[in-house]
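Undergrad: Per TrEMBL, domain 'Alpha glucuronidase N-terminal' is recorded for 25-145. The domain 'Glycosyl hydrolase family 67 catalytic' annotation in TrEMBL covers 149-467. The annotation active site, proton donor is assigned in TrEMBL to Glu306. The active site, proton acceptor annotation in TrEMBL covers Asp380, Glu408. The domain 'Glycosyl hydrolase family 67 C-terminal' annotation in TrEMBL covers 468-693.
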Amino acid sequence: MKKLVLFLFVILLCTHVSAEDGYRLWLRYNTIDNPALLQQYRQQITSISCPSDDARLIAAHQELQTGLSGLLGKKISLQTTVTNGTILLGLRSHLPFIRKLVGDTALARLGEEGFIIRTVKHEGKNVTLITANKEAGILYGAFHFLRLLQTQQSIQQLSITSVPKIKLRLLNHWDNLNRTVERGYAGGSIWDWQRLPGYIDQRYIDYARANASIGINGAAITNVNANAILLTEEWLQKVAALANAFRPYNIKIYLTARFSAPVEIGKLKTADPLNEEVRKWWKDKTDEIYKHIPDFGGFLVKANSEGQPGPQNYQRTHADGANMLADAVAPHGGIVMWRAFVYSNETPEDRFKQAYNDFKPLDGQFRKNVLVQVKNGPIDFQPREPFHPLFGAMPQTPLMMEYQLTQEYLGFATHLVYLAPLFKEVLDADTHAKNNSTVAQIVDGTTDGHTLTGMAGVSNIGSDINWTGHPFGQANWYTLGRLAWDNTLTSAQIANEWIRQTFTNKQAFVDTVQQLMLASREIQVNYMTPLGLHHIMGYSHHYGPAPWYNKAPRADWNPVYFHKADSIGIGFDRTAAGSNALAQYQPAVQQQFENMATCPETFLLWFHHVPWDYRVHSGKTLWETMCDKYYSGVDSVRWMQHRWEGMKNYIDAERFSQIKQLLAIQEQEAVWWRNACLLYFQTFSRKPIPAKYEKPDHTLSYYEGLEFPYAPH
Ligand code: GCV
């Protein structure tokens, strides 16, 4: 009996120890399972030496102690003496020999956040040096060093220099003060406002660690559909407590500013940005914020969009509004991120064109500390969009990239979709504005010489134990940070390192899962919105397909506005014969897209109303091709399921099973998308779904009748 109890206890203990609930993200630090490499690492790493005169340095050496002790399966501690195998961290002021070793110019090039990792001889000992110009660089260097071990790379003869390409690398949380998250599918908000400022949840620290590990250095912690109450004294104290928790990880807090706050909480009669009282109110409010949070980053603003108040309520421009806030934060070194996501139902103009029409004329009118934050595409985070025409059109204004990590239009937290290929497709697009003017080069400041640069991702993080709901959602958070740091990284590189850290280094697993991740976005485009279809999802909650929907209170929220299917064909004519949105691009882009024959098939229905019988490059008709794409999308999800099944023995049962279940739902939903869309579009094309394909198992009216009153939104 005693033996049985002991046996059960050991089993319980093991289960607990090996539990993989996803909480640890890519910072798992399990002991390296390759004995030869483990032995090598153990010889090469013996201790850590690092000053403790700054919170970021303390965070760096604490992370190294935890990480290395876990990875090496032996305690690696902080010591003052340097021996063979010491990981030596320090700035020039700590270690005078660095200046000679690295040189002033090389150090200067590192800027505020870059780092150097080098294998060097110091006082006759073999050490790994992690150095930087500033403490933040050391923190990033420490995480990079850990990544080398986590991905099982050689740490002999290291000579690494790394400098971020983009200055502001942010998450944008759409978290409300009542702890709901707009478009959040991973539980509630992680900010426990009720217990702040007194209670610092360990999650805040782990959130900050995860961000620092991938170079994210800022967070706008609340919804852009903003609440003015956030700016009251009581709430600023809560925000300050979060800022204190994040500071050691080099993360600044930004706040979403409700434009009408002077009226709502300041009791003024107006929020007109040119009114002196209003300007003073914002200045005083900003000074108050800085008293609470001395390193406050600045404001993020959604104005005159989807019902949010803004300067246009007072016949002022976006530049007037942004500049007022910019003037308030400037004395403190703060910045303003002013969103270009604006469109109005009252304007009888293609929604695609409206942001450009509003913002392009304002180029050159913004203060130096303003960035205009532009979504990757002209409509709204669809599975595929052409790049936003503002990129390349406002050379005098720093344009900040806004991506969406939360999968509002990409299957919520149920579908496995790796977003790096989507992000890269946009970054790699050539705007043809000048020489060297890919979207990446515009955003990182290369094209127009901007030094204030930024990239943000709308967060997919929530209170779920694994943070993002879908275990693979973590990869999209990871990607945002890595790409903002280095926009030259490929989707494959990022996937590869994420898989190794998050699951295992076993090659068969890495190869299969990487292949699956890289294919996943195109697969989703195929079963949701192939050939350039867009915005055909369910109304308001955006769950599932509803291409037939035409009852929204505004035309530009209706799927029928976007696909324009009729008996002749389908697609939105944005050529000169149509809305002429193409004129917003440079001539080279315009020319390529305006001709149906040269327009990439992936964007065809974005720009053309294409006859059902039109023959695409393969020689097949548009209708046949649409059927092929939808069916191939579903088949490919089945392929993903099959490949995943083969991964069973490589990883923990918990995550294997979660992903298996989610893939099964994804398959059902892909079938739903395919059937609903094809049956509906067939009412216009009047052509059969080729007989070789399985028949839809429900009628169109069945799909049209589905309702989801409680779908998250
Ligand atoms: C925060 C889309 C979303 C909204 C979101 C908006 C925005 O319209 O559906 O939920 O609001 O984008 O980016 O401001």
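From the backbone N, Cα and C atoms, a Cβ is placed for every residue, glycine too.
Annotations in TrEMBL come from automatic prediction, not curation.
Would you situate these features in the structure and describe their surroundings?
TA: Around Glu306 (active site, proton donor), the C-beta neighbours below 8 angstroms that are at least 6 residues distant in the chain are Asn225.
Listed in sequence order, Phe341, Tyr409, His535 are the same-chain residues six or more apart from Asp380 (active site, proton acceptor) with CB atoms under 8 A from its CB.
Under the three-state DSSP scheme, Glu408 (active site, proton acceptor) falls in the coil class.
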Undergrad: When a 10 Å sphere is centred on the Cβ of Glu408 (active site, proton acceptor), how many other Cβ atoms does it contain?
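TA: Summing over all protein chains shown, Glu408 (active site, proton acceptor) has 24 other Cβ atoms within 10 Å.
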Undergrad: What kind of secondary structure is Asp380 (active site, proton acceptor) part of, going by DSSP in three states?
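TA: Going by the DSSP assignment, Asp380 (active site, proton acceptor) belongs to neither helix nor strand, so it counts as coil.
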